[in-house]
Amino acid sequence: METAERVNLLGLDGAALSDLVGQWGGKPFRARQLQRWIHQRGADSFDAMTDLARDFRGQLAQQCRIQALPVNTEQRSSDGTRKWLFDVGQGNAIETVFIPEDDRGTLCVSSQAGCAVNCRFCSTGHQGFNRNLTSSEIIGQLWWAKRVLEADAGTARLGGAGNDDTRVVSNVVMMGMGEPLLNYDQLLPALRLMLDDNAYGLSRRRVTVSTSGVVPMMDRLSRDCPVALAVSLHAPTDALRDELVPLNKKYPLAELLAACERYLASAPRDFITFEYCMLDGINDTDQHARALIQVARQVRCKLNLIPFNPFPASGLKRSPSARVKVFAQRLMDAGIVTTVRKTRGDDIDAACGQLAGEVRDRTRVAQRNAGRTIPIAQVQA
């Protein structure tokens with residue numbers, strides 16, 4: 001019972017940790033020391049913090065804890081991608097993915113156990129929704145991955161956070177399970193820790209929040225913690241996006257694009273990334289490309305085309321590679337900066353849209369999906 005009542009320091013940002021230490025009469029520099037031990041050195045025991053006074057360490061041990069989520073499984077892909085399944089209790093589990101590349105190491109972090117947005121092409125959405133993650137559970141994914149990856153690479157650091165080009169985890173994308181902006185109050189302290197020089201010290205350009213288009217929270221993020229922004233677009237018209245991304249019925253394209261333009265005033269990059277999952281016969285025709293060009297010209301953006309990663313419940317197919325290339329070329333010919341995402345980790349179900357974890361659904365999403373009677377292929381561009 002005592003352990004459950006102790007404060008988990010893992011999810012406290014710098015201000016909250018300073019407030020806590022201040023309640024005990026401690027100086028702000030003590031909070032910074034503590035933060036460096038936890039997030040830069042990966043300490044999970046107060047006894048290891050030898051430059052802190054013994055009495056202070058004793059007080060910490062009595063009233064606080066450093067506790068990440070239990071790891072159920074780890075899988076490794078043939079391409080080097082790694083996926084961890086974290087137990088979040090009551091029969092639920094979330095997934096976190098590390099994607100190594102020559103010039104970076106990207107960690108894909110989850111924000112919810114499941115997702116209530118229920119996008120048609122996303123395995124997480126088909127699992128339904130159980131609960132939001134806490135800030136400790138969000139940042140704990142980075143804390144764990146950093147410890148494990150640096151230990152494996154033999155590069156664990158005893159000093160500062162390093163620079164973005166030398167650390168094992170150089171980029172974080174909030175593109176795992178869940179809609180981050182529907183868990184804003186827990187997301188915000190986690191983002192602040194990612195950016196804090198006494199924690200992970202990542203630049204704002206290297207932390208990306210992906211959203212399906214929660215317009216009010218996009219505005220709040222631009223004020224509170226403007227990091228790079230990616231928007232799950234996936235359709236160039238409201239009619240089609242209503243079917244693919246049901247949140248569009250609440251925040252249609254005109255509102256979403258206006259919010260993107262507002263966000264750019266504070267963004268660390270001079271463009272918004274639009275994510276577009278390529279679905280065979282659904283959103284990949286010449287007509288869709290022409291409509292998408294008109295959308296893209298309204299906001300400074302980059303288009304990221306994502307080959308669909310099939311899963312049984314979707315009833316959808318991946319666009320053929322040749323069609324994806326033609327689609328991308330039409331966008332580029334129109335002057336739209338366009339990339340095609342390379343599929344990584346699909347042999348361990350770690351690719352984009354495949355994360356499902358284990359979710360005890362509280363939203364009866366399967367029943368709602370069964371009630372959809374309009375074949376999506378009939379929706380016109």
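Every residue gets a Cβ built from N, Cα and C, even glycine.
The active site, proton acceptor feature in Swiss-Prot is assigned to Glu95; the stated evidence is sequence analysis. Among the features that Swiss-Prot reports, active site, S-methylcysteine intermediate is placed at Cys352. The [4Fe-4S] cluster binding site annotation in Swiss-Prot covers Cys115, Cys119, Cys122, and the record cites sequence analysis as its basis. Taken from Swiss-Prot, the feature S-adenosyl-L-methionine binding site covers Gly178, Glu179, Ser210, Ser232, Leu233, His234, Asn309, and the record attributes it to sequence analysis. The disulfide bond feature in Swiss-Prot is assigned to Cys108-Cys352. What Swiss-Prot records for 101-347 is domain 'Radical SAM core', and it gives sequence analysis as the kind of evidence.
Cβ neighbours within 10 Å of Leu233 (S-adenosyl-L-methionine binding site), excluding its own Cβ and spanning all shown chains: 29. Rounded to the nearest whole angstrom, the C-alpha distance between Cys122 ([4Fe-4S] cluster binding site) and Ser232 (S-adenosyl-L-methionine binding site) is 11.
DSSP gives Gly178 (S-adenosyl-L-methionine binding site) a coil state; it is part of no helix or strand. Using a 10 Å radius centred on the Cβ of His234 (S-adenosyl-L-methionine binding site) and all shown protein chains, the other Cβ atoms total 26. For Asn309 (S-adenosyl-L-methionine binding site) paired with Cys119 ([4Fe-4S] cluster binding site), the C-alpha to C-alpha distance reads 13 Å.
Neighbour list (Glu179 (S-adenosyl-L-methionine binding site), Cβ cut-off 8 Å, at least 6 residues apart, same chain): Ser111, Gln112, Cys115, Ala116, Val117, Thr211, Ser212, Val214, Leu247. The candidate set comprises the binding-site residues Ser210, Ser232, Asn309. Of these, Ser232 has the most other Cβ atoms within 10 Å.
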